[in-house]
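*Asks:* Pasting in a structure now, in structure tokens, and then I'll have a few things to ask.
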Amino acid sequence: SVGFKAGVKDYRLTYYTPDYETLATDILAAFRVTPQPGVPPEEAGAAVAAESSTGTWTTVWTDGLTSLDRYKGRCYHIEPVAGEENQYIAYVAYPLDLFEEGSVTNMFTSIVGNVFGFKALRALRLEDLRIPPAYSKTFQGPPHGIQVERDKLNKYGRPLLGCTIKPKLGLSAKNYGRAVYECLRGGLDFTKDDENVNSQPFMRWRDRFLFCTEAIYKAQAETGEIKGHYLNATAGTSEEMIKRAVCARELGVPIVMHDYLTGGFTANTSLAHYCRDNGLLLHIHRAMHAVIDRQRNHGIHFRVLAKALRMSGGDHIHSGTVVGKLEGERDVTLGFVDLLRDDFIEKDRSRGIYFTQDWVSMPGVLPVASGGIHVWHMPALTEIFGDDSVLQFG
């Protein structure tokens, strides 16, 4: 036998620390880990902690120039998933210093940047994150939040009503504005650009903005209520996106919209800052979420994407409908709806909430029930979501 061992080391030795007491400032993550056959769960959990913090596959001399104990992620608890073979929940604690302040982008690059392609894992899913106040306080959060939005709109004690203009692609700007007027005049609070309406050849963004603004002012004058249309500012560059938001502000409309996953968190945070500085509400659509959150055992659960959006900033976010879905889905959906709206959310595994989350004073986000709902769903929707929600039809 050879007298030395090749330098690939066991992660367990350094990164699996079952005795670790988590700090109030740590960012905590719950991963659903499916190890490859033959890989012990402790090694898989430790590998996740290592690869998403200070680890690399071997020992390098520069390790001696820093304090691993201060900067390493630690897998501090592992439990098997009930009813699933070879699946475990690995809990990982990250020291706060690993993250740039006020950057959701950096948080995700660190926590989910590399580990998902890891050989020792068959699959990996980020189920939940605990964001400590020490970190969340470095974010502005939603431009306005639920209470300020109600004050701006002068609408209280009920869900807000909206609808998406259809056909979503192909209408001219003038006919589009006409549909907006009819909906708002008929009693809706909001109408919405579809998520893929940006600035296509058949309807350029500025034409749409102008005709929709005309519709809003006409409907407001006739009803005596404040009306809005989610003008989609999503664009190919963040400069162009801000340009569209500036135009919306100059037109005096109340709200713009962004596709935050396709547009990206950096662009979204910039837009949220602009919206707060200029009194615009920000409606967030989650196009592309199912690419990331649909698989049970791999990807990122939507509750994490929802928490990230509350930090990055948005006043509304699409969050599923529950109606007509499975019962279990209902509790989980209501779990992340609470994470969006409330200040303090208790750990509750039955609702998929792995950690107690304290948002301190960060404004809340209105959940938007959207997608395949119609008027007969109203009683169920109001019962499920309560007053602080947007019911988005069409």
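The backbone N, Cα and C atoms fix where each Cβ goes, and this holds for glycine too.
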*Asks:* Pick the one from R286, R294, R296, R341 that Swiss-Prot also lists for the substrate site with N114, T164, K168, H318, S370.
*Replies:* R286
*Asks:* With every protein chain in view, what's the tally of Cβ atoms within 10 Å of the Cβ of K168 (substrate binding site), excluding that atom itself?
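*Replies:* Within a 10 Å radius of the Cβ of K168 (substrate binding site) lie 15 other Cβ atoms.
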*Asks:* Only counting partners 6 or more residues apart, tell me which same-chain residues put their Cβ under 8 Å from the Cβ of T164 (substrate binding site).
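*Replies:* Expected: T191, K192, D193, D194, S370, Q392, F393, G394.
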*Asks:* Would you count the other C-beta atoms found within 10 angstroms of the C-beta of K192 (Mg(2+) binding site) for me?
*Replies:* 30
*Asks:* Which residue, out of the recorded positions K166, H285, R286, H318, shows the minimum number of other Cβ atoms inside 10 Å of its Cβ in this structure?
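*Replies:* Each of the recorded positions K166, H285, R286, H318 was scored by Cβ atoms within 10 Å; lowest is K166.
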